[in-house]
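*Asks:* From TrEMBL, here are the annotated features:
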- A:11-155: domain 'Response regulatory' (DOMAIN)
- A:52-61: compositional bias 'Acidic residues' (COMPBIAS)
- A:52-75: region 'Disordered' (REGION)
- A:88: 4-aspartylphosphate (MOD_RES)
């Protein structure tokens, strides 16, 4: 299936309990031509994706025509529309890390790249998130230069044949957001 | 020309705030995100920030008035204010928050109260300057709209 990737907009789901940070990340993403949905909690993020909080194995999909799950996984993502999730780490109730785990456990959504943001530079926290499947870890305040790092992860999701060098870990630990 | 003079005034005010350490580079990032399709972005963010800061300061005042201070609640509020201060580039206010967090970690009510007074002072200075900044900005936008 050919897709005109430069013409199709990527849809990012942003999760942050801070109103100011939500407004900021939304503007940053829109400036970079992403379509954005911003929610204020992990629970709302899961609801938006159509995942029940307590169902880990049986995930409910919003899209009802899901006959062939494996080959149409990309199509399902397209229909749901979320190509990347960017979430704050520190949130009341479900943390960004909890959300990451739930996404990665989900058969439908585990391939959606997840990026974590945090105002605190704690190496053990950063490493744990990366080890458990986060693509990037941004230190807040997030800047346009950070958002520009997202596109390769999205392109990778679109065309799985293209091989991108794995620079995530070193690239991420160096970036301090300064 | 009125608009040019106002823009100079605006620029000088922002520069002063940078020079005094009230603002840091993150504020530049905010300004860069404002453009013709989002001409009021900075204004909107500052307004959101001030409303939120005042809510938090009210809560901090309340919690510090209790005989037995709930330091973890205090910490949670300060964490929020530190986060939003950092996000808009309110440098000195952010530092004042760090001080209150440290005092709160030490479970020292007196130190917390002192640190809180600093936060309140810094916020008041910042708000005054922001109000002037926004007045100038709004005047510029209104004059520019009248020109068209």
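Each residue, glycine too, has its Cβ placed from N, Cα and C.
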*Asks:* Give me the long-range Cβ neighbours of residue A:88 (4-aspartylphosphate): same chain, 6+ apart, Cβ under 8 Å, in sequence order.
*Replies:* A:15, A:16, A:17, A:18, A:21, A:96, A:116, A:117, A:118, A:140
*Asks:* Find the average pLDDT over the domain 'Response regulatory' (A:11-155) in the predicted model and report it.
*Replies:* 85
*Asks:* Is it possible to list how many residues within the domain 'Response regulatory' (A:11-155) are helical, extended or coil according to DSSP?
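*Replies:* Per-class counts: 58 helix, 24 strand, 63 coil.
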